[in-house]
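Colleague: Sharing the record's features from Swiss-Prot:
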type	residues	note
REGION	172-197	region 'Disordered'
COMPBIAS	179-188	compositional bias 'Basic and acidic residues'
BINDING	His183, His185	Fe cation binding site
BINDING	Asp188	chloride binding site
BINDING	Asp188, Ser189	Ca(2+) binding site
Amino acid sequence: MERVNDSALNRLLTPLMRRVRLMLARAVVNVINDGRKVQNLQVGLLDDEESDEVERLQNYGHFSVPLPGAEALIACVGAQRDQGIAVVVEDRRYRPTNLEPGDAGIYHHEGHRIRLTKDGRCIITCKTVEVYADESMTVDTPRTTFTGDVEIQKGLGVKGKSQFDSNITAPDAIINGKSTDKHIHRGDSGGTTGPMQ
């Protein structure tokens, strides 16, 4: 068997190694186009190389729009730099740190987040929570605590007992079909009582 010298082997392997090196690249996100069916990125690669129309594939049911300056891992199909796909986009500037093993969640660069932790806890941290439901909403829990004021803008139906440890303020209360504001009854010395004062 004839021995291949090192320089001949290097000449054979160099083009192959170059293509392997071109298959994956680190990149910095410059521009995001979220108006298409598949999100497109313009990214800066190594050595001042820019790549437009890089498709960013996201898991079904999940979405995000990265900020300029986020980092990406680009896979180039067939080692062709014009066939890039962003397989991972991360932003170390805003990623929550010092989490516990097993924690998972969603975060936003402004600081609000949903965090799933051990012992079945879901912690939502934000300024405002808005829930829009076309039909109904059910909260099924043995106990609910509100630590601030609660405002109900429409009717309230209570099927269980109610306990109040402070005053109730209302223009009128209807109890057993009778108005506490306009209710009168016979007085103990004849006549009728006036409305409640």
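Backbone N, Cα and C atoms are what each Cβ position is placed from, and that goes for glycine too.
Given the structure is predicted, the values throughout are model-derived calculations rather than measurements.
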Colleague: I want to verify one value. Collapsing DSSP to three states, which class is Asp188 (chloride binding site)?
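Modeller: Asp188 (chloride binding site) sits in a strand per DSSP.
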Colleague: Suppose we draw a 10 Å sphere around the Cβ of Asp188 (chloride binding site). How many other Cβ atoms does it contain, all chains included?
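Modeller: Here the count is 6.
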